[in-house]
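Per Swiss-Prot, the features are:
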ACT_SITE  LYS65  active site, proton donor/acceptor
BINDING   ARG108, THR135, GLN136, ASP157, VAL158, ARG159, GLY217, ALA218, ASP219, LYS223, SER290  NAD(+) binding site
Amino acid sequence: METLILTQEEVESLISMDEAMNAVEEAFRLYALGKAQMPPKVYLEFEKGDLRAMPAHLMGYAGLKWVNSHPGNPDKGLPTVMALMILNSPETGFPLAVMDATYTTSLRTGAAGGIAAKYLARKNSSVFGFIGCGTQAYFQLEALRRVFDIGEVKAYDVREKAAKKFVSYCEDRGISASVQPAEEASRCDVLVTTTPSRKPVVKAEWVEEGTHINAIGADGPGKQELDVEILKKAKIVVDDLEQAKHGGEINVAVSKGVIGVEDVHATIGEVIAGLKDGRESDEEITIFDSTGLAIQDVAVAKVVYENALSKNVGSKIKFFRI
């Protein structure tokens, strides 16, 4: 038997945002219903970064994403994040595919934001604010475009050049957009934060009633993007409670005792599955705390793999003498 090898370029050609959103939504639902396995992430920590092992089993596949985070890599001509996915058959354990997962990590994160807003934002949301205009902002925008009729985008980034580039991207797609201060960008229907900040970049007084926030940036202990006062008055929905408590947007507030895990309303999977309510009024502030789950990675890898087989894309290698 042979294992399919898929490069980043090939992976990018094999899955759309629509496919990713469908896969991620179903993954969240299955996990909430107890129909998926996902052990905790395993970390190897080094002086200049870390490696993380992220395993999961769902939808007839098992998979492991092996991903690094080395902030100093750009100085060496390497990406900060590089990821591989090994996709296995649960029946035999055979490695069906080894593929790039760098692109799909960004894609599934964006997809999760779109799905969360679908269930938690006001249906008539039209003004979208972005705090942080790096790569992930584009994936968030593309997912949100598939759920809402976006009338206006307000963009803020500490690097004005990045904000201007994002605004141009929006305008090229027929969306009215402008560079704004963080305070003005926060005054919107849906706010997306994608920064690596360790101190709040969004103040409580900036956020109006009825706002939905996709809090994407916090991905480790000590990171936070939102004033804890926002968390205290919002309906908080997480992708996974344990991961969110460890390194999501709520981690600082929970560790300081400002809020407790009992203040988390639900997981997004529980909302999708109908086990918990989503938005219940036009006045409440809702927050989606996204940490990124292995179930998302396996769900999108399934789509990539099956599309590759049907389109005869990729190369094959025989690892074992069998």
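Just so you know, glycine gets a Cβ as well, placed from its N, Cα and C.
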Do me a favour and check the Cα-Cα span between LYS65 (active site, proton donor/acceptor) and SER290 (NAD(+) binding site); whole Å is fine.
17
If you count, for each of the recorded positions LYS65, GLY217, ASP219, SER290, the other Cβ atoms lying within 10 Å of its Cβ, which residue has the minimum?
ASP219
Identify, among the binding-site residues ARG108, GLN136, VAL158, the residue whose Cβ has the fewest other Cβ atoms within 10 Å in this structure.
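Looking at the binding-site residues ARG108, GLN136, VAL158, the Cβ with the fewest others within 10 Å is that of VAL158.
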Can you see whether DSSP assigns LYS65 (active site, proton donor/acceptor) to helix, strand or coil?
strand
Does DSSP put ASP219 (NAD(+) binding site) in a helix, in a strand, or in coil?
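DSSP assigns ASP219 (NAD(+) binding site) to coil.
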Where does GLN136 (NAD(+) binding site) sit in the DSSP three-state scheme?
helix
